[in-house]
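**Student:** Would you mind keeping the following structure in view while I ask a few things?
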Amino acid sequence: MDKVQQQADLFGKTISPFVASQPTNVGGFTDQKIIGGSETTQPPATSPPSPPSPDTQTSPPPATAAQPPPNQPPNTTPPPTPPSSPPPSITPPPSPPQPQPPPQSTPTGDSPVVIPFPKPQLPPPSLFPPPSLVNQLPDPRPNDNNILEPINNPISLPSPPSTPFSPPSQENSGSQGSPPLSSLLPPMLPLNPNSPGNPLQPLDSPLGGESNRVPSSSSSPSPPSLSGSNNHSGGSNRHNANSNGDGGTSQQSNESNYTEKTVIGIGIAGVLVILFIAGVFFVRRKQKKGSSSPRSNQYLPPANVSVNTEGFIHYRQKPGNGNSSAQNSSPDTNSLGNPKHGRGTPDSAVIGTSKIHFTYEELSQITEGFCKSFVVGEGGFGCVYKGILFEGKPVAIKQLKSVSAEGYREFKAEVEIISRVHHRHLVSLVGYCISEQHRFLIYEFVPNNTLDYHLHGKNLPVLEWSRRVRIAIGAAKGLAYLHEDCHPKIIHRDIKSSNILLDDEFEAQVADFGLARLNDTAQSHISTRVMGTFGYLAPEYASSGKLTDRSDVFSFGVVLLELITGRKPVDTSQPLGEESLVEWARPRLIEAIEKGDISEVVDPRLENDYVESEVYKMIETAASCVRHSALKRPRMVQVVRALDTRDDLSDLTNGVKVGQSRVYDSGQYSNEIRIFRRASEDSSDLGTNTGYYPSQDYATSHEYESESRAFNTSHRNH
C-alpha cells in the first residue's frame, strides 16, 4: 500500500501543473494549484478510478478527504456534471503543454504552488489544450532513468469500459510496476483549428462520467503498447491519414467530373428539346400557311355534297377546319378523270391546283408572245388564248382585260371560287399568273367548243336531240351544285349557251365564273353593277339589280328554250316583236301544252327526230324557269329532277298551273331592258361573249332600242 501511495504522489507531482484549475473558470486556463506529493497525502474520496492496465482491470485508488478537488480544464460546451460528483484529481483530460517554457517553480513538499497560465487564443474554448503545446508535452511515462521524454506520436485510445473500476491489486502492482500513464490519460489527438469540418471529439473521460462519454469510432486504432512500436504505429496512422486524404480528393474529383458531365448532358438535352419544339412549330405553321386560305365570308367552300344526282363528287370537309375546301378531302381525280389539284404556296393561298403559279414568261412562251392567232374567244373581262403546256396538256388562258379595282375583285373572286369547286360539269382551274399589271387564269381546255357554237354556228351539222338532252341535264347539275352544295351558295350570274363548254362526248361543263358572286345569306343581294348578257337577264335583275339564285334559273330557262327551238336569245332577223326569244316562246309554249301540238316550238332542223315525251318535259321545265315572279320559279335541284327522271313534274309548278303564271308584257320587258342598259352603260362586259370561243352579238344596243321603241308603239296601238 505504501508503494502505491508513493506512485500516486509521484504521479501527482508530475502532472499537477497541467490539470489543476478552478471549476468555475471555464473560459480558459487560470492560476493552477499544484499539490505537492507527500507520502501521507491520499487521493480524494470522490475521484474516479484510473484506467485499467492492459492485462488486468484496475480499480480506482482509495479515497481521501484531505486533498481538495482540482479545477476542470476549459470546455466550449461543458458537460453536465452531477452535483454529487466533485471533479476527480488524478486523471484529468489530456492537456498538451503550452508553447512557453516549463513552470517557473516546482512544488516542494506539501505546499501548493500557484503557476499562472496564459489563456490560449483559440476561436472557441475547448476541453483540450491548444494544439501548439502537444509536441512540448513531457511524456509522463517513466523510463529506466525516471526521466520524462516528450511524446512524439500522440495516440488515441478507445473509450474505457463503462463499468466502475476497482483499485489495482498488490500483485499486479508488484509484478508490473506502476501503471503506464498512457493508460490513465484520455487520448490526446492533434487539433487543427483551421479545419472546422473535422472537430476533435474527446473520448470517454473519467472527469465527466457517463455524461462526458462520446462514442468512439469503430475505426479507432487499438491502444498501442509502451514499447518502441509507438513510432511505427504513429507512422502508420499518418500513412493512413494521407491515404484517406488522397481517397477523399479522388472522390471529390470524381464527383466534380460526374456533376460536370451531368450538367453538360442536361444542357444538350434541353437544347435538343427546344430545337425539336421549334421545328414542330415552324412545320405546322408552314403547313397551316400553305393549306389555309384567308378567311372570308364571301369565299367559303361547301361542307359536303347533299344533292343525290348523277355526276356529283361527294366531298367531306375536314372537322375543325372551317377554311378547308371541298377538294381537301376529295378523291385524287374528279368524275372526268381530271387530277385533283393540291394546295399551293402562300402567294397562291386562294388557289388549289397542282400547277398553281405560272410566270408571265411561261405563258408568253406557250402562246408565242400572246399572238392573236392563239385567241379562241373573248370573255367578260378579257381575251382567251389557247396554249400547250410543256408536258403537252392544252390549256385555256384567260387574260384580265382591265386592271381596275373592279376587274381585280372579279379576278380574285373567280380564282377563289373555281379553285374550290370540282365537279364533273364544271370547268377545272389549272393555275393563275400575277405579273405587275397582268392577271391570267389558266383553265383546263375543253376541246369541243361551246353550246352556242353547235346550236347557232353556220355550216355545222344539226345538234342531235339526244345530245341536247344530255347537255341540258349536265349543265343543270353543275349549276345546282353551285346553288345547293356550296356554302354560301355561288350565283353564276351569267349563265348562257356560250358559257357551256362541250367535251368530245358532248358532256356539258359550265365555265366562266368571272361574273360570279357569292350570296352568303338567304336574303337577296343588291348589286351595284348590273352585269350579264342581253336576252338572259332576269327581269328583276335587269330592272333593280336584285340578285338571287332564281336569277340563274331564269337564265337557264332561256338556254332550255334555245335547245328546244334552236333560236338565239335575241335575234334581230326575226319580225318585229319576235326578236326576244322569251317574248316569242311564252305564248307558244302555253299553247303547245294546252293543245298538245309542239310542232311550232321545236327546232325544225330536227325534222321530228326527237322523243316527244322528252320535248314536253323540257318545255314544261323551261316555261317554269322563265316565270316573271322569281318566287314562282323552281330551284335548280327541281330542274335536275324534272329533266333527269320520269317523275311527275308537279314540283316545278310551285302551285302555279299552266297559263296562270304572269306573262311578260312586251312593253314592260322593253322598259326593263332600257333600265338595265342605263345601269350598265359603262360596262364593257355587256353584249360580249364570255366563253372561250367567239360568237356574234345578238343585237347592238342601238338597233335593239329603236326596234323596242317601234314595238312598244305598235303594241300600244293594239
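Just so it is clear, glycine is given a Cβ too, placed from its N, Cα and C backbone atoms.
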**Student:** From Asn257, Asn304, Asn519, Asn712, pick the one Swiss-Prot annotates as N-linked glycosylation site?
**Tutor:** Asn257
**Student:** Could you check Swiss-Prot and say which of Asn75, Asn254 is marked as N-linked glycosylation site?
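**Tutor:** The candidate carrying the N-linked glycosylation site note in Swiss-Prot is Asn254.
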**Student:** According to Swiss-Prot, one residue in Asn231, Asn448 is annotated as N-linked glycosylation site; name it.
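**Tutor:** The candidate carrying the N-linked glycosylation site note in Swiss-Prot is Asn231.
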**Student:** For Glu378 (ATP binding site), what is the tally of other C-beta atoms lying within 10 angstroms of its C-beta?
**Tutor:** 20
**Student:** I need the most crowded of these binding-site residues: Val376, Val384. Count other C-beta atoms within 10 angstroms of each C-beta and give me the top one.
**Tutor:** Val384
**Student:** I'd like to know the mean pLDDT over the domain 'Protein kinase' (370-649).
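**Tutor:** Reported value for the domain 'Protein kinase' (370-649) is a mean pLDDT of 85.
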